[in-house]
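A.B. asks: So TrEMBL lists the following for this protein:
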- 14-383: domain 'Amino acid permease/ SLC12A' (DOMAIN)
- 19-40: transmembrane segment (TRANSMEM)
- 45-64: transmembrane segment (TRANSMEM)
- 112-132: transmembrane segment (TRANSMEM)
- 153-176: transmembrane segment (TRANSMEM)
- 196-221: transmembrane segment (TRANSMEM)
- 242-259: transmembrane segment (TRANSMEM)
- 265-289: transmembrane segment (TRANSMEM)
- 301-321: transmembrane segment (TRANSMEM)
- 327-344: transmembrane segment (TRANSMEM)
- 394-482: domain 'SLC12A transporter C-terminal' (DOMAIN)
Amino acid sequence: GQKAGTGVHVLPQSYWYELLYGTVLLALCLVVCLVGASIYAKATFIIFLIVAGVLGTILVSFFATRPTGVPIRLPHFNGSEIENGSFTGFSFATLQSNLGGGYGVDYTTGQIMSFGSVFAVMFNGCTGIMAGSNMSGDLKRPSYSIPRGTISAVFFTYVVYNVLAFLMCATCNRVLLQKDYGFLRDISIFPPLVTVGIYAATLSAAMSNLIGASRILYALARDDLFGRALALAKKTSANGNPVMAVIISWLVVQLVLFSGKLNTIAGVVTTFFLLVYATINLACLALEWASAPNFRPTFRYFTWHTCLSGIIGCCLMMFLISPVSASVSLGFLLVLLLALHYLSPSSTWGYISQALIFHQVRKYLLMLDVRKDHVKFWRPQILLMVQNPRGSARLIDFVNDLKKSGLYILGHVELQDLDTLPSDPLQPQQDSWLSLVDKLNVKAFVSLTLAPSVRHGVRQLLFTSGLGGMRPNTLVLGFYDDAAPQDGLAQHPAFTSPREDVPLGFPPLRAPGDPKLLSAREYVGIVADALKMLRNVLLARQLESLDKAWELQWASSPSPAIHVWPINLLRPDSARYADTCSLFLLQMACVLNMARAWRQAHLRLFLCVEAGAMAHSQEEKLRQLLKDLRIQAQVHLVPWDAVTCLHWQTRQDPPGGPMPARALEEEKEGAVNFPANATQVSDEYVCAANKLVLEQGPTPALRFLYLPRPPADTSLYPLYLHQLELLTRGLGPTVLVHGVSAVTSTQL
């Protein structure tokens with residue numbers, strides 16, 4: 001008991017008795033909520049009528065009750081110590097004296113009150129406006145009922161609280177307001193009715209929060225947002241009432257009852273409610289800023305300014321009430337977000353983060369102007385053509401290291417005609433490809449296309465892949481040879497786990513005797529097309545034999561090496577180290593060496609020299625070039641007189657006069673011209689060049705070789721491919737490189 005006067009204590013008063021009373025009332029709320037939402041709605045309506053009647057008598061009492069004194073017994077004094085409050089009736093002097101702050105001691109907790117603590121206590125009386133949203137699953141027309149019910153509740157609560165505040169401040173002195181929280185009984189024309197109204201309002205708020213919390217808990221459990229942690233809360237009764245969620249919520253509230261006084265936990269409760277309102281405002285703000293077309297709020301006064309104001313206001317009040325509670329609640333929110341990130345499955349209702357990312361990416365893509373490209377900031381943007389991912393797992397992983405934060409696209413051509421098909425056959429395959437990207441942990445996009453031939457499909461992808469300033473500038477192909485494809489996915493760690501299955505969307509690999517999907521002529525034609533479109537080209541051979549797990553061990557001895565041959569071995573008479581293609585080859589080797597998995601490897605650059613060709617001078621020039629480009633590499637001189645003599649023995653001047661202009665142009669570009677009346681390298685020479693490369697030990701992890709242009713005469717495409725095969729035979733993982741764009745700069 002806290003006061004004397006007209007109040008009468010029917011029940012014993014102590015901490016344990018009050019805990020008992022609270023437990024009994026909470027059990028009553030539990031019974032109502034266990035029965036279901038329908039009886040809760042009926043009980044709430046009856047309580048509303050009771051509270052409205054009590055409120056009416058209180059409003060009348062302010063006018064009907066005569067001025068009187070109210071003796072108050074303070075709980076921290078003995079029973080004889082009494083302080084007097086007074087009900088003055090309507091008085092301007094009373095109103096004026098109550099307008100100031102004058103915060104005192106809360107007699108229920110013994111703590112000095114402040115604006116923040118008073119706000120925390122008052123705010124708990126406004127949290128019922130979310131009851132409709134919490135029960136959205138039980139409403140017939142939630143989109144209709146929630147906005148109207150919530151706005152009506154806010155308006156009604158605002159008016160009632162302000163009217164009561166004005167009437168109390170104009171009729172009761174400060175002592176009565178601060179020392180007796182139950183003073184409305186003392187001034188009422190029918191005091192017992194006020195007690196009934198207080199209990200009814202408290203019961204209504206308790207039931208509202210209990211059933212609302214249980215519905216939210218059930219929704220979290222049903223959607224598996226926290227995995228199996230909330231599996232128990234999924235259980236419902238025969239009529240769909242989430243009984244286990246209600247019981248769990250009841251247990252949590254029962255624990256809170258041990259705090260004893262509402263004002264003790266008011267700050268913590270209000271902080272969490274403010275955090276909820278701030279996140280609701282944040283969700284609406286994110287939807288508005290994402291410019292999602294389907295976000296069309298019916299509230300005509302909605303604007304992002306109100307959302308932002310709500311977020312700022314909630315956060316400010318959280319820290320004004322209790323900086324410690326606000327910090328703890330934000331930390332708790334962070335823990336929940338981390339739990340959601342790691343425990344929740346893929347949702348079917350969409351992610352607002354995806355809408356925001358799309359909005360920002362679109363904006364920045366428009367700002368990425370290709371006309372402002374500069375060689376200083378060049379990076380590889382790669383289109384890797386994959387026929388079947390089962391045979392290309394390590395190649396996909398290798399190109400992921402080679403991209404250096406650039407664009408990476410996995411391209412695939414499906415040989416079908418859409419005119420003869422009932423629907424697009426690529427759509428069902430899309431999920432398998434995206435799943436492959438996730439499990440291989442590569443940062444790549446997927447681009448699939450239909451075409452009558454592989455060559456036409458690659459053309460389509462080179463023309464259309466990418467967006468704005470992010471388009472492929474480099475084409476990567478697997479090598480065209482007779483090697484039987486190996487299923488790399490079957491041995492890949494991402495697919496050998498017992499929990500993982502190899503994606504079923506990919507067909508089995510081609511058997512060794514089965515025909516290929518494209519001919520040698522078409523394959524070389526793809527290379528020629530890419531070069532005509534000013535795309536750099538990389539041909540990767542035997543990359544499936546590259547195992548980074550053991551090839552690139554940090555503690556390996558000797559450390560792994562990357563061999564770089566920046567010279568056109570198929571054109572010894574026009575070999576240069578500083579042309580565009582050679583510099584591009586150096587750049588790609590350096591880019592690979594910068595990747596985390598390849599940092600322990602050393603670049604070894606091979607300089608082919610002939611007797612009497614001032615080898616020392618050539619070496620110094622090459623070292624100076626590497627220094628200017630800031631490329632760290634070991635330079636090794638390789639005498640190749642024995643190889644080039646094979647070329648000069650078979651070389652003959654073309655009869656009938658000089659070579660045509662087209663051939664001369666390709667001579668300068670380093671092309672392999674094999675017309676019948678022009679220079680030709682023999683297979684014997686190519687095999688000797690292959691042996692020269694192979695003899696430079698120890699065996700490296702990877703080799704980069706110069707890829708010459710295809711011949712102008714398409715009839716010589718098979719011969720061109722045959723000599724590339726001879727050149728790279730038995731070399732292990734090898735990448736043939738031809739660059740058409742300047743990619744190096746000494747200005748950074």
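The backbone N, Cα and C atoms fix where each Cβ goes, glycine too.
Unlike curated records, TrEMBL annotations are generated automatically.
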A.B. asks: Take the domain 'Amino acid permease/ SLC12A' (14-383) and average the pLDDT across it for me.
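C.D. replies: It averages 83.
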A.B. asks: Near the transmembrane segment (327-344), which residues from the same chain, at least 6 beyond its ends, have a CB less than 8 A from one of its CBs?
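C.D. replies: Same-chain contacts beyond the flanks: 223-227, 229, 268, 271-272, 275, 279, 318.
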A.B. asks: Is it the case that the transmembrane segment (242-259) and the transmembrane segment (19-40) touch, counting contact as three or more CB pairs under 8 Å in which the residues of each pair are 6 or more positions apart?
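C.D. replies: Contact criterion met.
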A.B. asks: Would you say the transmembrane segment (196-221) and the transmembrane segment (45-64) are in contact under the rule of three or more C-beta pairs closer than 8 Å, pairs 6 or more apart in sequence?
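C.D. replies: The transmembrane segment (196-221) and the transmembrane segment (45-64): touching, yes.
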A.B. asks: Per DSSP, what is the helix/strand/coil residue tally across the domain 'SLC12A transporter C-terminal' (394-482)?
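C.D. replies: Secondary-structure composition of the domain 'SLC12A transporter C-terminal' (394-482): 37 helix, 22 strand, 30 coil.
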A.B. asks: Under an 8 Å Cβ to Cβ limit, what residues of the same chain, 6 or more beyond the ends of the transmembrane segment (265-289), are close to it?
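C.D. replies: Contacts with the transmembrane segment (265-289): 116-117, 119-121, 123-124, 127, 130, 256, 259, 295, 297, 302-304, 307-308, 310-311, 314-315, 317-318, 321-322, 325-326, 329-330, 333, 352, 355-356, 359.
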